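**Student:** Could you have a look at this structure, given as structure tokens, before my questions?
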Amino acid sequence: MTDRDILPDNFKPIHYDLEIRDLDFTSWSYKGTVRIDGKLVKPTKDIVLNTLEIKLLNAKLTAGPQSWESTQFAEDTKAQRSTISFAEELPVADNVSLTLDFTGELNHDMAGFYRSQYKPAAPAAASVPRDDEFHYMLSTQFESCDARRAFPCFDEPNLKATFDFAIEIPDDQVALSNMPVKETKPAGPNKKLVSFERSPVMSTYLLAWAVGDFEYVEAFTDREYNGKKLPVRVYTTRGLKEQGRWALEHAPKIIDYFSEQFEIDYPLPKSDILAVHEFTHGAMENWGLVTYRMTAILFDEKLSEARFRNRIAYVVAHELAHQWFGNLVTMDWWDELWLNEGFATWAGWLATDHLHPDWEVWPQFINEGMDQAFLLDSVRASHPIQVEVRDALDVNQIFDKISYLKGCSMIRMLASHLGIKTFLKGIALYLQRHAYGNAKTEALWNALSEASGVDVNTIMRPWIEEIGFPVVSVTEGKDQISVKQARFLSTGDVKPEDDKTTWWVPLSLRGKIGSQDIEPLSLQTKETTIDGVSQDFYQLNANATGFYRVNYPESRLKTLGTQLAHLTTEDKIFITGSAADLAFAGNSTTAALLSFVQGLKNETHYRVLSQALDSVNTLKSIFGDDEEVKKGLEKFTLELIDKALKEVGWEPKQGENYNIPLLRKRLLLTAVANSHEEVIDEAFRRWNEWRANPTGAPIPADLRLPVYRAALKKDPANAVAAIKEEWFTTPAIDGKEVCLQALGQVTDEALIEDVLLPFLFDSAPPAHPRDSVPGADMHILSGNMAGNRIARPLLWAYLRDNWDKFNAKLGGNPILVDRMVNVSLPKFADLETLKEIEDFFSKVSTKGFDRTLEQVKDKIRGRAAYKMRDAEVVKSWLKANGYC
């Protein structure tokens, strides 16, 4: 990419020696010194490096006996750089040291070196900073481009170096970093200087440190590394460490598993996990010190929902996969971020499946992950997995689920085609060849080609470099089918210029005459004919390993709905999702979708019913403004879940598997949302029982959300007040998320406008913390309000009219702003609101979320087109089938 905005190449860093000191908990500032050893490869008067919210004080460059000093600094805030100018030209030299003194900010923006607020679970050490409401811990978040917020550095992924790190802290607190502690020594009254061992060669975004009132639980790997079992610790602020036990059960096993599968031992002498109270993402894979959002790592055996067991196990596996794929071998530039995230997502599910085969995580991925990837990649404003990235703000926008979920889908598709053992052999080869370096996608394809004998580069290039995915349309003949691929767009308006890509499509045909196996056929042209296909039963993309949609003739889809016994769980999920997407785009009919889903009323598998309910909820969201259609879809939904609901009931049964509590929660929530009076009354009874004795037995974790939703229907004002208070006071780590999810379903306009929107957008201070959702959690409430047809327009109006207030609350954090735009706006289904959105954003800067905004607008266009095209079709089908 010729216009990539990168640093000048005259200085090559090799090693950093960084010391942080004078932490000031009143002004929230600190001082630091960094010595950067490296090479001057070109003569120059200027050295340019990255800084942001850092003040340089003085600079000194030494080369052998010579030295040059400077206080001439020119800061370019927009480019996030500082130029150090010297009075005379600096000569080329192989060994130079650039020493910089600087000051920095302990910000509250969840980027760089920042502070997190929390309410202590146990009395804290005396020196812990605090105010009237909160205590504070300190930690870092550097990916993608925020190491420069903490110290001056050459902050690009292919400018790898080793790091020595030391930090001065109060002597009753704990410091953590990537490596084990090397030395601790006194540093003045009530202070100590903690130094850490030298890191391996790594990118700046992987450096990390933290300071706080930490305690830990510890376990060890079964395997030995350099003659010792590896220590694994979960650190928390005081009083929470026991909630790290579930993560600790998994991390050592996963380290051993990946060491064996990748044929390279975990390369660091320890593996630490840190729960951070305020965090932008789910977790961050800092080498040797992985940081996590609280709900992604802590589990309370009495108070946490069952689904968080799954989330924690998966996220731990995902982040540990990065220790090899991303940390040991790093993408060359951010345009190949998918190499990190797509692989770690796939490997995370692989390890979770290895440890918990009973969880059926691949059906989960198809239902939750692949379906989201289809949704994101089906809009015209999507982007290729390997996308051009010019600068830091561009990087933030590709931290989207296309990189993660489509990337994982590509890896899963290829691993299935090559065979898992062959695939992992290629992965090991890739890691061995590029250890401690940087690599491009082509290097991975070359290793996989060598291991498999398949020309991986050729078959995968369109999937990585081109936008979108195909729909494979089927035409039936006598004992044969013809298949044709074309780009799929959810708006249904594919133009010739949109459809220039020919993908390699693994057809995975089940139903070849004379064969019981899945035939490994592939489509590598626009269309072809396959002979010898049974007309009684056949299926494409068996087990849903391919990333494409299948458009069967309507009669075939109806037939498949009567042949569910021939289909795997993965197949049922995939066919339902395909039918929904094709109806949305107009490639197929909504009548065909509803007829197929109607045939699932005897299903009791959580993931299959979830996919079916997701499809019907989309219809309710788009067509539900018509009260007759809304009631008809509610009746249809209650019929769909009736059998499963009667089977699982309210009370858990001894020995039920992991998925049953998840199914119970989903069914009860669905019943409440679709006006099942018996379930609503029982849920409200349980609410009143709990409110009458709030210090007694809590509502079981997996029933909280259905009970809260029923209370909000029956007694909205009192329920909002009570749930809001529960949000502020709950000791359950995931309890705050549950409360925000529930509050997003309020349909009383006055409560939305007078209580919930100020609660969402007000900052604390000046608001009391109980009246202000933290910036990192705003998307939870906002996303649920956006899915609520009463709250949706009120949310948009408030966001539009308080745009500056909203940006001020998030401190300009581009990741959080982008996320809020992404969750708050895409559920509209009318062109009038689309015009309002276009008009408003034409007048404000959209740098940092412009790509996401275009995707949002495409989603609205698709929903509006679907509504105009099929509103009467849906009503007619519901009437004809007795639902309205």
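Even glycines carry a Cβ here, placed using N, Cα and C.
Please treat TrEMBL annotations as automatic predictions, because they have not gone through curation.
Sharing the features that TrEMBL gives for it:
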ACT_SITE  E319  active site, proton acceptor
BINDING   H318, H322, E341  Zn(2+) binding site
DOMAIN    12-206  domain 'Aminopeptidase N-like N-terminal'
DOMAIN    246-463  domain 'Peptidase M1 membrane alanine aminopeptidase'
DOMAIN    537-861  domain 'ERAP1-like C-terminal'
SITE      Y404  site 'Transition state stabilizer'
**Student:** Around the Zn(2+) site formed by H318, H322, E341, which additional residues qualify by having Cβ within 8 Å of the site's Cβ center?
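**Tutor:** After dropping the recorded site residues, what remains is E285, E319, A321, F325, G326, N340, F343, A344, T345, A347, G348, Y404.
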**Student:** For the domain 'ERAP1-like C-terminal' (537-861), what's the model's average pLDDT?
**Tutor:** 95
**Student:** Write down the Cα-Cα distance for H322 (Zn(2+) binding site) and Y404 (site 'Transition state stabilizer'), rounded and given in Å.
**Tutor:** 13
**Student:** For the residue listed as 'active site, proton acceptor', which residues in the same chain are close in space, meaning a Cβ under 8 Å from its Cβ, but six or more apart along the sequence?
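**Tutor:** In sequence order, the residues whose Cβ lies under 8 Å from that of the residue listed as 'active site, proton acceptor' (at least 6 apart) are A283, M284, E285, V290, Y292, A344, G348.
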**Student:** Give the residue from the binding-site residues H318, H322 that has the most other Cβ atoms within 10 Å of its Cβ, counting over every protein chain displayed.
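**Tutor:** Per the Cβ count, the most surrounded site is H318.
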**Student:** Using a 10 Å radius around its CB, how many other CB atoms surround Y404 (site 'Transition state stabilizer')?
**Tutor:** 24
